[in-house]
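Q: Sharing a structure with you now.
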2 protein chains.
Amino acid sequence: MSETWLDEIKWNADGLVPAIAQDAASGRVLMLAWMNRESLALTVQEGRAIYWSRSRGKLWRKGEESGNVQRLRDLRLDCDNDVVLLSVEQVGGIACHTGRESCFYKQYRDGGWTAVEAVLKDPAALYGKQP
Amino acid sequence: MSETWLDEIKWNADGLVPAIAQDAASGRVLMLAWMNRESLALTVQEGRAIYWSRSRGKLWRKGEESGNVQRLRDLRLDCDNDVVLLSVEQVGGIACHTGRESCFYKQYRDGGWTAVEAVLKDPAALYGKQP
C-alpha cells in the first residue's frame, strides 16, 4: 500500500505532529494531542482518533477507557505539512479528562486563568472508578 | 506586574507552546503557530496575535506584512496548561500565506492530500510584491 500521504508530512525530531480535534457539529476546538506515523495511519484505517501519548509512550485510542471515542469525519493537513486537523464526532460530548466538553475551558481574564465551563460528568465516573 | 498566568503555562524544552487560532465568526480553525513567553504577553498586551517564528527565530506579528492581522477576542488554556487557543477576528479573511482563509486546506481523500479550498487572493499581492 502506498504511503506517500504519510511521507509528505513533516514529522518533528521526535517523529510527531500536533493533531487538533474539532467537533464536527459544534465547531468547538476540543483538544490538541500528538500523532506519530503509526497513530495517524491507524486513525484513517479505523476511522477514529488514535493519538500517541508522549507521557505514556504508547498509542492512545481516544475513548479506550472513557468510551468517549472520536469518530473521524474529515482530516486536513496544513500548508506547512506539519499540523493535522481532525473533524470528529465526539461520542458522549466530552473530550476532556476533567469531564468537560473541551480541554480549553480556562479563559484569560484580568491577568489570570479562570475555569469558565461546566464539568458535565464526574471524571471518576468517566473512568469507571468506584467511589 | 504579576506574571503568574505566564508561569502557569508549561512551556516546552524550547520555551514554546502551540497556539491555535480560530476564527471567532466562522469557527474555522485558521492555523497553528508557536508562542514563547514574550509573544504571548505581547499578544494580550496589544490585543493581536503575535507568534514566535521558529524558522526566523524572532517575533512574528501576524499580519505585519500582509495586513491580515488577527485581533484577539478570547484566549484559552487547555487542561494540561501546554496549549493555547486564540479566538480571533481575522482581518481580510485570510490567515494562510497561500492566500486562503485557513491553512488547513488540504483534505485527505483516497490515500492522498487534495487542496479543496480556493485561493482568495494571490500571495504575490498579499505580500505586496510587484508582478
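Each Cβ is built from the backbone N, Cα and C atoms, and glycine gets one as well.
In TrEMBL, annotation is done automatically, which means it is predicted and not curated.
Dumping what TrEMBL says about this protein:
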DOMAIN    A:31-105  domain 'Phosphoribosyl-AMP cyclohydrolase'
BINDING   A:ASP78, A:ASP80, A:ASP82  Mg(2+) binding site
BINDING   A:CYS79, A:CYS96, A:CYS103  Zn(2+) binding site
Q: Which has the fewest other CB atoms in a 10 Å radius around its CB: A:CYS79, A:CYS96, A:CYS103, the listed binding-site residues?
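A: It is A:CYS79 that, of the binding-site residues A:CYS79, A:CYS96, A:CYS103, has the fewest other Cβ atoms within 10 Å.
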Q: Could you give the mean pLDDT over the domain 'Phosphoribosyl-AMP cyclohydrolase' (A:31-105), rounded to a whole number?
A: 97
Q: Cβ atoms within 10 Å, counted per site: which of A:ASP78, A:ASP80, A:ASP82 has the most, among these binding-site residues?
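A: Per the Cβ count, the most surrounded site is A:ASP78.
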Q: DSSP helix, strand and coil counts for the domain 'Phosphoribosyl-AMP cyclohydrolase' (A:31-105)?
A: 13 helix, 30 strand, 32 coil
